[in-house]
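*Asks:* Grabbed the feature section from Swiss-Prot, which reads as follows:
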COMPBIAS  7-21  compositional bias 'Polar residues'
REGION    1-21  region 'Disordered'
TOPO_DOM  1-29  topological domain 'Cytoplasmic'
TOPO_DOM  51-56  topological domain 'Extracellular'
TOPO_DOM  78-81  topological domain 'Cytoplasmic'
TOPO_DOM  103-114  topological domain 'Extracellular'
TOPO_DOM  136-144  topological domain 'Cytoplasmic'
TOPO_DOM  166-181  topological domain 'Extracellular'
TOPO_DOM  203-240  topological domain 'Cytoplasmic'
TOPO_DOM  262-271  topological domain 'Extracellular'
TOPO_DOM  295-310  topological domain 'Cytoplasmic'
TOPO_DOM  332-343  topological domain 'Extracellular'
TOPO_DOM  365-382  topological domain 'Cytoplasmic'
TOPO_DOM  404-412  topological domain 'Extracellular'
TRANSMEM  30-50  transmembrane segment
TRANSMEM  57-77  transmembrane segment
TRANSMEM  82-102  transmembrane segment
TRANSMEM  115-135  transmembrane segment
TRANSMEM  145-165  transmembrane segment
TRANSMEM  182-202  transmembrane segment
TRANSMEM  241-261  transmembrane segment
TRANSMEM  272-294  transmembrane segment
TRANSMEM  311-331  transmembrane segment
TRANSMEM  344-364  transmembrane segment
TRANSMEM  383-403  transmembrane segment
């Protein structure tokens, strides 16, 4: 009898262990995508908070320089994974710095802090995103789409909070920046950053060389005997994804907000309320469009991912947004000045922006023909991040080209 009891207890024990393992795997399968989404949210929250508060808006170019610098360096320096939570920690300190400097520094000292902070934000956010995309794309279940989704989520989150704060906080300003809104927005950013740091420590293997078995979902490394490819061969194999990510970001930042809404407002005298609606439309539709490509296992969303060839065709078709945006600026007929039509225009640009930003990171690994080594895949991911930031940078630069064209007003 005792043997039977021991045997049955052994079976029950094994069953309990199996249940525990399955529940742990289930929890991890939820926590890991959430962690990568939080990385996307947290990296953008600080920048979006500064934009929402209109803090030294001209300093955005310095943040972009920081993003480009950190992403280009990643091509030559292999950032250790531990820099992921470290860079997020620095962003947390910068948020606290904004709160302290705004209330205690002189105008010139605050201006100096903002300049240094924007450069550092660019560097730290660039490092965090580069590392996260490099790790995420080499997962068996590609996690890079969740980072992209988090990036879109940040814009909507900060925009909505900003609108709510307009109705519930005082109008007191220091250096033309609302004191209460600055405290609230950066406090929210700090909370997200702290949660993200904890999740990174818990769910991402930050020291893979010290534990070969810890992260079983990583794609197996190629045999060491199988040498890595030269950089030119890596670029040849991944150029479609690299070009796609550049084109989508270049066009989006060239047209928004430089042409629509700024040129529209300048030419037609749009109300501030309509401008807020248009900005909100971009944030919302950019956010919405980043999710369907991550859920293609659901039948209704299966057409939201496609080949990189199709994506390139889609990016060239997006060039049709240029005449549409320009016509909205130059023609004063009731159709082109109608807020509904303008919202449709912005929503279409935003939807394709979020959608076409997410697809390349999800599908490029499957379309690689020569590249098989994990480190080579990470290299392509880093180059794609560089291409993304270069697209944003050149989009900002080429917006000013429209100032050299005689965009007048054509009446009915």
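Even glycines carry a Cβ here, placed using N, Cα and C.
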*Asks:* Take the transmembrane segment (311-331) and find every residue of the same chain, 6 or more past its ends, with a Cβ under 8 Å from one of its Cβ atoms.
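*Replies:* Those are 240, 243-244, 247-248, 251, 255, 259-260, 263-264, 266-268, 337, 341-342, 345, 348-349, 352, 356, 359-360, 363, 402, 407-410, in sequence order.
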*Asks:* Against which stretches of its own chain does the topological domain 'Extracellular' (166-181) lie, if we need a Cβ under 8 Å and a gap of at least six residues from its ends?
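*Replies:* Same-chain contacts beyond the ends: 52-55, 102-103, 107, 110.
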*Asks:* Would the transmembrane segment (383-403) count as touching the transmembrane segment (182-202), i.e. at least 3 C-beta pairs under 8 angstroms with sequence separation of 6+?
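*Replies:* Stretch pair does not touch.
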*Asks:* Would you mind listing the long-range same-chain contacts of the transmembrane segment (57-77), meaning Cβ under 8 Å and 6+ residues beyond its ends?
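*Replies:* Contacts of the transmembrane segment (57-77) (Cβ under 8 Å, skipping residues fewer than 6 from its ends): 47, 51, 114-115, 118-127, 129-130, 134, 379, 382-383, 385-386, 388-390, 392-393, 396.
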*Asks:* Please report, as numbers and ranges, the same-chain residues at least 6 past the borders of the transmembrane segment (241-261) whose CB is under 8 Å from any CB of it.
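*Replies:* Contacts with the transmembrane segment (241-261): 235, 270, 275, 278-279, 282, 308, 311-312, 315-316, 318-319, 321-322, 325-326, 328-329, 342, 345-346, 349-350, 352-353, 356-357, 359-361, 363-364, 367, 380, 383-384, 387-388, 390-392, 394-396, 398-400, 402.
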*Asks:* Residues of the same chain, at least six outside the topological domain 'Extracellular' (262-271), with any C-beta under 8 angstroms of its C-beta?
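*Replies:* Long-range Cβ neighbours of the topological domain 'Extracellular' (262-271): 278, 325, 328-330, 332, 337, 342, 402, 407, 409.
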*Asks:* For the topological domain 'Extracellular' (51-56), what is the mean per-residue pLDDT, to the nearest integer?
*Replies:* 78
*Asks:* Restricting to the same chain and to residues at least six past its boundaries, which positions have a Cβ under 8 Å from a Cβ of the topological domain 'Cytoplasmic' (295-310)?
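*Replies:* Distant contacts of the topological domain 'Cytoplasmic' (295-310): 240-241, 244, 355, 359-360, 362-364, 367.
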*Asks:* With helix taken as DSSP H, G or I, strand as E or B and everything else coil, how many residues of the topological domain 'Cytoplasmic' (295-310) land in each class?
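*Replies:* Going through the topological domain 'Cytoplasmic' (295-310) residue by residue, I get 10 helix, 0 strand, 6 coil.
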